[in-house]
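Structure first, commentary second.
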Amino acid sequence: MAARSAPSCHLRLEWVYGYRGHQCRNNLYYTAAKEIVYFVAGVGVVYSPREHRQKFYRGHSDDIISLALHPERVLVATGQVGKEPYICVWDSYTVQTVSVLKDVHTHGIACLAFDLDGQRLVSVGLDSKNAVCVWDWKRGKMLSMAPGHTDRIFDISWDLYQPNKLVSCGVKHIKFWSLCGNALTPKRGVFGKTGDLQTILCLACARDELTYSGALNGDIYVWKGINLIRTIQGAHTAGIFSMNACEEGFATGGRDGCIRLWDLTFKPITVIDLRETEQGYKGLSVRSVCWRGDHILVGTQDSEIFEIVVHERNKPFLIMQGHCEGELWALAVHPTKPLAVTGSDDRSVRIWSLVDHALIARCNMDEPIRCAAVNADGVHLALGMKDGSLTVLRVRDMTEVVHIKDRKEAIHELKYSPDGTYLAVGCNDSSVDIYGVAQRYKKVGECVGSLSFITHLDWSSDSKYLQTNDGSGKRLLYKMPGGKEVTSKEEVKGMHWASWTCVAGLEVNGIWPKYSDINDINSVDGNYVGQVLVTADDYGVVKLFRYPCLRKGAKFRKYIGHSAHVTNVRWSHDYQWVISIGGADHSVFQWKFIPERKLKDALHIAPQESLTESNSDESDSDLSDVPELDSEIEQETQLTYHRQVYKEDLPQLKEQCKEKQKSATSKRRERAPGNSIRLHFIHGYRGYDCRSNLFYTQIGEIVYHVAAVGVIYNRQQNTQRFYLGHDDDILCLAIHPLKDYVATGQVGRDPSIHVWDTETIKPLSILKGYHQYGICAVDFSADGKRLASVGIDDSHTIVLWDWKKGEKLSVARGSKDKIFVVKMNPYVPDKLITAGIKHMKFWRRAGGGLIGRKGYVGTLGKNDTMMCAVYGWTEEMAFSGTSTGDVCIWRDVFLVKTVKAHDGPVFSMHALEKGFVTGGKDGVVALWDDSFERCLKTYAIKRADLAPGSKGLLLEDNPSIRAISLGHGHILVGTKNGEILEVDKSGPVTLLVQGHMEGEVWGLATHPYLPICATVSDDKTLRIWDLSPSHCMLAVRKLKKGGRCCCFSPDGKALAVGLNDGSFLMANADTLEDLVSFHHRKDVISDIQFSPGSGKYLAVASHDSFVDIYNVTSSKRVGVCKGATSYITHIDWDSRGKLLQVNTGAKEQLFFEAPRGKKQTIPSVEVEKISWATWTSVLGLCCEGIWPIIGEVTDVTASCLTSDKMVLATGDDLGFVKLFRYPAKGKFGKFKKYVAHSTHVTNVRWTYDDSMLVTLGGADMSLMVWTSEVERHREKKNCDSEESDTDSEEDGGYDSDVTRENEISYTIRALSTNIRPMFGVKPHLQQKEPSVDERQGVVRGSRPPVSRAPPQPEKLQSNNVGKKKRPIEDLVLELAFGYRGRDCRNNVHYLNDGDDIIYHTASVGILHNVATGTQSFYQEHNDDILCLTVNQHPKFINIVATGQVGDSADMSATAPSVHIWDAVNKQTLSILRCSHSKGVCSVSFSATGKLLLSVGLDPEHTVTIWRWQEGAKIASRGGHNQRIFVAEFRPDSDTQFVSVGIKHVKFWTLAGRALLSKKGLLSTLEDARMQTMLAVAFGANNLTFTGTISGDVCVWKDHILCRVVARAHNGPVFAMYTTLRDGLIVTGGKERPSKEGGAVKLWDQELRRCRAFRLETGQVTDCVRSVCRGKGKILVGTRNSEIIEVGEKNAACNILVNGHVDGPIWGLATHPSRDFFLSAAEDGTVRLWDIADKKMLNKVNLGHAARTVCYSPEGDMVAIGMKNGEFIILLVSSLKIWGKKRDRRCAIHDIRFSPDSRYLAVGSSENSVDFYDLTLGPTLNRISYCKDIPSFVIQMDFSADSRHLQVSSGCYKRHVYEVPSGKHLVDHAAIDRITWATWTSILGDEVMGIWSRHAEKADVTCACVSHSGISLVTGDDFGMVKLYDFPCPEKFAKHKRFLGHSPHVTNIRFTSGDRHVVSAGGDDCSVFVWKCVHTPH
């Protein structure tokens, strides 16, 4: 048997030859101990040059490709490739893991960097988005993540001189990042004119915002901020791969093989050209450089490491060499010396000294080398080449002996015969050639039996035979030297092989897994002396097997280090070492062999620590004679806990099914019943597959679990309390060491752990997100702060939690085999143990990971299955109980001894003060001393010991014990049979609680007149239970077979029981003795019922699809009901005992007449009239409504009707108990729903008086007793469950504002499209007309400076002649006229005691001073702000949070985000990027001000809680499937908040990281209905007020509606505000002003009395969107974009802010001489604004939407163009209409006075411009018009002489017309000579540069040239204002851009004197005034 066990010897990695120089950079450093750290393959190497020693870090599972050194230079971070790559932070001194960072990146980790103090680490992924991620590496926690770039990133670094700043570079880019909150925001480096845009390979940050970077062309680029300021050209002649900053300066290394040293200001110090040194060679390329003091380390592309001493820089010292890039396949060992030979595709053959660990010879060949061999005397070295040739060298001087080329394909293997006469050469073309060595390698034979390429060869010891392996896995033997194939078995038997390197053959069968035919083992080598075999495979693993190894699937020891294919492996000549070589990592590993005899002394080389450890699960180092598993444990390991449907899937399933439901629910659904039930008592305890799940609390109550319920049992009062927070089976339970807190873990797709308080039964924290399928073990740490949990997924994931915060601290894959227990070390909180099938593992925490070591059994025993474990009295000691009844005693990871404790498995053990207690399958509890030497006392659990006070009966003696707990003088015991017993220390046993044993429970019957019930189960027992307060099992009887149904006779004396074998029996109901039994059927008896009245007949239904009817008195079968097509599920009698109703598995509802059983067809109408004795049917019209929407995935299994026929209780497959009104007609009836059972509810029955409902859980084996609570008697305590479907259909009415806000879709700026329906080719893509100069053939710039030709006239008439023209260099936002009230709420607040107000419009936050009207702005948002709130906590004064729209495809800058900022200095304190798609619609601070709540606009309306200062997301959950308008924290809480929205109000609690919600309950008030809720406010004692769409305000106590303030307003209540200082509440609604009413009301704290305020706005309806209360003032924001201050005393209104109500604001005109301007908008108003006074002076209501507006040249008249085609001229002085005219049907787009005031030009969307002569008076007759305009008119400009007009049209064409004739002017030369009065055109060569590259879908919408004629501003569809020089004929001209507007700037103008720019917004209905900053003289 030993042949299949793992060998007991060991390999230890001693040396690695190589360094990874290819595809990596910056991966070589000095540590603080002056050692050198680098990596090769999958191993981190720490090399000490002084001692010439290597240490290895082996925590990675694949190629390492990046490395960073911690600033203190002891810790190293390394990143690897792979599907789930991770980062390890490790100690270079001890080479132990300190932290593991995982679960974020994919593909690989390309770069790493520590920040200045080493607290944070940044990593860059290899995924398509090159994700950048910042970690708090000690905690293993990701702080922030963002997409890095679309192309590869090569280097990243923290700016060591500025906090929270980073720089990254790569393919054609450099990016400067800032980290704020959880947001990483990049700015691209601007190359500008200073240097070419190119790939940057490396960088270093310096002081004063300087960054130095190395470019691909060998230049160094120097950056200041984000701008390139200079380049150092030709620093290297080719790409600069590495840059290293140190105290003295910078070192750079490049592809040119040079190292350059620079001082701190980047002036060159010196250059070292490595190619010119003696070790140098052509093509040497530097990949990594590190400068420390007077030493420089250099790593090259070809895997060399040089050390250079600065003052002897021409003598670099080679400290490491390896093979260069190219696959490495050839390996041979010298037959007599400790030498190894390798040959590679890099064409070099190298000889290594295994003693000195050095390269001693190297020879370059002409071809890639694929195999090598040294002959027996060590003189010749034969090399097989990739091209099929063969070269033989002399070993001593590497001179060539012979070169032969007989083959065209690669030589894969060659070997000299043991006697040295022959050389066998195996080729890719499947032949083997034999050469005679003495005949100068003449070919003497050939073997041709193979059909595939030759892979391995071996000679026999006598050199007469050769064995080969080929690619198809065949093994063939040949006679030598002729090459004849040997087939005779006899001949084969006698062969002895000189070496064994073949992978096929009897001796190596065991190296292959049992059932695989794969070809992934590349090389083996047998060690005959040590009887071990070493193998190398494709997965980077080197394994040791016993040799010979005959049986498949042998056990082994495995060693990792190589990253991918290990191509070859050989023993050294004396078997001291194993040499292995890596194909892709081209490294050579040298392993020391430690034979068995030395192992005894060498315990220190026990299991090696690693994340994927050597002695890993598959290596199963156990002996193969593991005892068979105990039957109980085996049964348990086969449980899967998988569900067809998980509870988490229900919401999605419901949504999918709702589509179908739409049609069905057009009818009104029946209301839910008034009655409720409450869980009262559960008979049952889950012992059959759980252990140690039963505890005493500190007050002596008992806590345990059954089904989905945590139970707290009071043994004095025999009562139970329940924790009902779980929704599926609980599998484990642990109790907190200090408090009465309990942790329970459940089954689920994403299963959760609930930590709850046994006193209040409230959840404290819910942990989820890291396990799958279920949680099988939990344990608290000794200080109670942490919790460990184990999942039941395939790798049994272990998670360590900080449970209060709900944070995952660490996670690791536990084991492939089932884990039964996890225990945390009471002395060291970072250590824990897990135990399970065949293993015991010791773990320690490393950052985000855990590192495990298997318990080391040594010679003491075998790896047994462990069922329980505890820690002892020191941190090293641990004890575990095995499946064979032993207790194992461990010190550290070593097994010290074993003690026999029980017969059969030890299931539970606990440590006491002075000893231990254990319990086992043998039903014995044993007490032990503190060293497990003596057993002090045993207690056997026997019926004889049962004390008189027991609540029930013991089913059998010595039941298997699964849980033990200790109390004062008592031991609490839980058994497999579902019993909980209390053992007194003196011996007597009291039974407290019991339930059925393992097996499904289906049969349930309640007694006709007593409070008792009977159950029968697959556990083969029939039990009678007392439902009265004594709650116990009265009687039990064992049956031969399990049973599925039972029924009491009407007189209660007999009990009929149907069994699973088709028989049934009748028993005496008191004694349970048999009366009579029958066996007429083969299949399960599924239902059994006595006929009502005297009980004359008994109907027996079976799965054979028959119902048999028996006469009870005569004991004869009198009838059979035939005709069912499927098994029978339910039967009911009618009240006369004449008719049977039958349900079948095929969902048929059938009727039979008794006693004969004749089938009857009864129309459904008649069925309702029949009076039934019982109703347990689930089919038929009367109960159509009990089938859920998701009926496809779940069956209703049982129902039962109350005797008053009012309430129908049902049970279903998902574990829900529901109550419906009866009859439940119509589909999908409303119900109340209760969760306690975990899966199928198999039966439900009301007791005889309907006072209780009894329910049975099938697989959870529990019997639950519920008490019924009728509506009237109910105290305020409400016991409806959360999910009950009791919502009403109506939502309280319709309101246009609410509907619009609900349906609005927010586009993000980046996706905005044209606001005008333009068509045609964009200007910058049009074919350009040649200019005058070009037409005349003049080369640009070549005109003579003095010319006879008249000078070209000015393009634009300059108005400020005489002044020096000063260009405008910047715009600063000075005023914003506008407020977003139309679809936001509660977004105007007081600050600074009411001196300032804060609000928002577009994407700016505005701080507005009430007294002066001055404004300051927060402009960091890059898109529209949707919500705003102010932190009320005094510690966070003036802190504001604003949320914006966005698009969350990835967490980039366009993601929706919340900014938290200081309102006074506008500093951003934190940015929270959300995964809410679309935007953030509500924000709220918690009471302490530390937490922030945000609500998303995504379809789930996700609610998220943040710790905003850290940028950490604490919790997140879908809020509701319809729009949530507001969510607010309770003003006194950090954990409670309320959300309101469409037909929804929810009361939330934050528990750890989980959000728990309760729906508002309406059931206590008559006729209350769930309306759409719009606002929320709070009162003391958990009162909540919500404003509704109908104008009512609902008042809630906790989550129950307690009253309604009817018609608080006459329309929707949009806003509510709670004043913290006095508790008064302000409400704002939508209503028409009336004498007594008002749109704003101030209420007392209880909302009983109020005072109304009217807003004197003159509107027909006032619609208030925001209210806030300060000292004696109320601040109101309205839908009409006004902000009004109302005095509380005098009710006086003061309008602070005005704005347009609806946009776009198309019309904009500035006064010719004063700082006034006009705006005209869709809302039908024209408004006059005063910039100096910062306010609106006047407004005119036109009654129609206005599109354009214009001042006359003198400023005395205003022309207004309307959307309906009309235009109006007003006199400015009186605002009287001077004239109006409507000649067009469509909108007027532009209107202009000519500079001489004579003409008015009117441009419309009818592709025309009309001219009117104003001198003819106000009749306004059209004098002519322009024809042939190809599209609608956008803008027009007159020439300075009023004789021409330029027109821009909707097809991107500009035309010039003569005035007033309207004639089209086409002569370009003439056009070029026109001087224009104004320029607002977006078209024309002069403004070609304003069109950007990114305008496929969006346009430049407006432009305006300054009065000085040298500056130009534009507005575009993205909402940007841009400033250019004028003219700008070059494409993509340089400009400055200014953000602030929402998408679409509709118009823009300079004011007189170019003092300001005014811009008008489309979507934001706001006008912005920008101050122009002129360049100084």
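Cβ atoms are placed via backbone N, Cα and C, with glycine included.
The compositional bias 'Acidic residues' annotation in Swiss-Prot covers 615-629 (among others).
Summarising the annotation, Swiss-Prot assigns compositional bias 'Acidic residues' to 1281-1294 (among others).
Here Swiss-Prot flags 1326-1337 as compositional bias 'Basic and acidic residues'.
Feature annotation from Swiss-Prot assigns region 'Disordered' to 609-629 (among others).
Residues annotated as region 'Disordered' in Swiss-Prot: 1274-1299 (among others).
What Swiss-Prot lists as region 'Disordered' is 1323-1363 (among others).
Long-range contacts of the repeat 'WD 1' (59-100) within the same chain, counting only residues at least 6 positions beyond its ends with a Cβ under 8 Å from a Cβ of the stretch, are 20, 23-24, 26-27, 29-33, 35, 37-39, 41-44, 46, 106-114, 116-118, 121, 123, 125-126, 135, 137-138, 140, 540, 560, 563-564, 584-585, 609-612, 810, 846-849, 851. What Swiss-Prot records for 59-100 is repeat 'WD 1'.
Across the repeat 'WD 3' (148-187), the model assigns an average pLDDT of 92. Marked as repeat 'WD 3' by Swiss-Prot: 148-187.
If you look up Swiss-Prot, you'll see 364-403 marked as repeat 'WD 8'. The residues of the repeat 'WD 8' (364-403), classed with DSSP into helix (H, G, I), strand (E, B) and coil, number 0 helix, 23 strand, 17 coil.
Annotation comment: Swiss-Prot describes 406-445 as repeat 'WD 9'. Nonlocal intrachain contacts for the repeat 'WD 9' (406-445), taken as residues 6+ away from its ends with a CB within less than 8 angstroms of a stretch CB, comprise 329, 370-377, 380, 382, 384-390, 392, 451-459, 461-463, 466, 468, 470, 478, 480-483, 498-499.
Broken down by DSSP into helix, strand and coil, the repeat 'WD 10' (449-488) contains 0 helix, 21 strand, 19 coil. Among the features that Swiss-Prot reports, repeat 'WD 10' is placed at 449-488.
Long-range contacts of the repeat 'WD 11' (561-601) within the same chain, counting only residues at least 6 positions beyond its ends with a Cβ under 8 Å from a Cβ of the stretch, are 7-18, 20, 40-43, 56, 58, 62-64, 303, 322-338, 340, 342, 344, 346, 352, 354, 357, 501, 522-525, 527, 529-530, 534-542. Annotated repeat 'WD 11' per Swiss-Prot: 561-601, in sequence order.
Positions annotated as repeat 'WD 12' by Swiss-Prot: 725-766. Residue counts for the repeat 'WD 12' (725-766) under DSSP, split into helix (H, G, I), strand (E, B) and coil, are 0 helix, 22 strand, 20 coil.
The DSSP breakdown of the repeat 'WD 18' (1038-1077) into helical (H, G, I), extended (E, B) and coil residues amounts to 0 helix, 23 strand, 17 coil. The repeat 'WD 18' feature in Swiss-Prot is assigned to 1038-1077.
Here the repeat 'WD 23' (1519-1558) is broken down by DSSP into helix, strand and coil counts: 0 helix, 26 strand, 14 coil. Per Swiss-Prot, the feature repeat 'WD 23' maps to 1519-1558.
Here Swiss-Prot flags 1608-1654 as repeat 'WD 25'.
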>> For a three-state summary based on DSSP, what are the helix, strand and coil counts in the repeat 'WD 11' (561-601)?
In response: 4 helix, 19 strand, 18 coil
>> Give the nonlocal contacts of the repeat 'WD 27' (1741-1782) in its own chain as ranges (CB under 8 Å, at least six residues past its ends).
In response: 1706-1714, 1718-1726, 1788-1793, 1795-1797, 1800, 1802, 1804, 1812, 1817-1820
>> Could you give me three numbers for the repeat 'WD 9' (406-445), the DSSP helix, strand and coil residue counts?
In response: 0 helix, 21 strand, 19 coil
> Taking DSSP states H, G and I as helix and E and B as strand, how many residues of the repeat 'WD 27' (1741-1782) are helix, strand and coil?
Replying inline: 0 helix, 25 strand, 17 coil
> What is the three-state DSSP composition of the repeat 'WD 3' (148-187), stated as helix, strand and coil residue counts?
Replying inline: 0 helix, 25 strand, 15 coil
